[in-house]
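Accompanying notes for the structure given below.
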Amino acid sequence: MDKLEKSLDVWRELLSDERFRICRLGGTERAFSGEYYATSVPGVYHCACCDAPLFDSDAKYDAGCGWPSYFQPVAASALTSRDDYSHGMHRIEVLCARCDAHLGHVFPDGPPPTGLRYCINSASLRLKPRDEG
């Protein structure tokens, strides 16, 4: 997958204020407020910035944390990660591998088979429902 690079000014023009704050500035939406927190529609969640596929609904589960949670991405190559020491703690930030959009964080307290919990902002995602036929 080719890397997609745009300036912050271009992203600011392309995205809503909320998406820009979360995806490009590393913000976080309020818990239990996101569009996809409680949805159970079958499909694939894509990056809201570049449309890269990130998570399948088959890997989504209710972690009770207030954000959509997944136990694995569609492919390991879909995401990148880096250490995040903000807010006086250490976490692992998760980003879209194609455009470096901030998605959320990954924690080692998820269910089998991976034991991981990808805690993702709804604003960084777009759900493409599976076709009925």
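Quick reminder: no glycine exception, Cβ is built from N, Cα and C everywhere.
According to Swiss-Prot, the protein carries these features:
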ACT_SITE  CYS119  active site, nucleophile
BINDING   CYS47, CYS50, CYS96, CYS99  Zn(2+) binding site
DOMAIN    8-130  domain 'MsrB'
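Features per Swiss-Prot, on structure.
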| residue | record | DSSP class |
| --- | --- | --- |
| CYS47 | Zn(2+) binding site | strand |
| CYS96 | Zn(2+) binding site | strand |
| CYS119 | active site, nucleophile | strand |
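For CYS50 (Zn(2+) binding site), other Cβ atoms within 10 Å of its Cβ number 17.
Counting in whole angstrom, CYS50 (Zn(2+) binding site) lies 19 from CYS119 (active site, nucleophile) by their C-alpha atoms. In sequence order, LEU54, CYS96, ARG98, CYS99, ALA101, LEU103, SER124, LEU125, ARG126 constitute the residues six or more apart from CYS47 (Zn(2+) binding site) in its chain with CB-CB distances below 8 Å. Annotated Zn(2+) site CYS47, CYS50, CYS96, CYS99; additional same-chain residues within 8 Å of its Cβ mean position, judged by their own Cβ, are LEU4, ALA48, CYS49, ASP51, ALA52, ALA97, ARG98, ASP100, ALA101.
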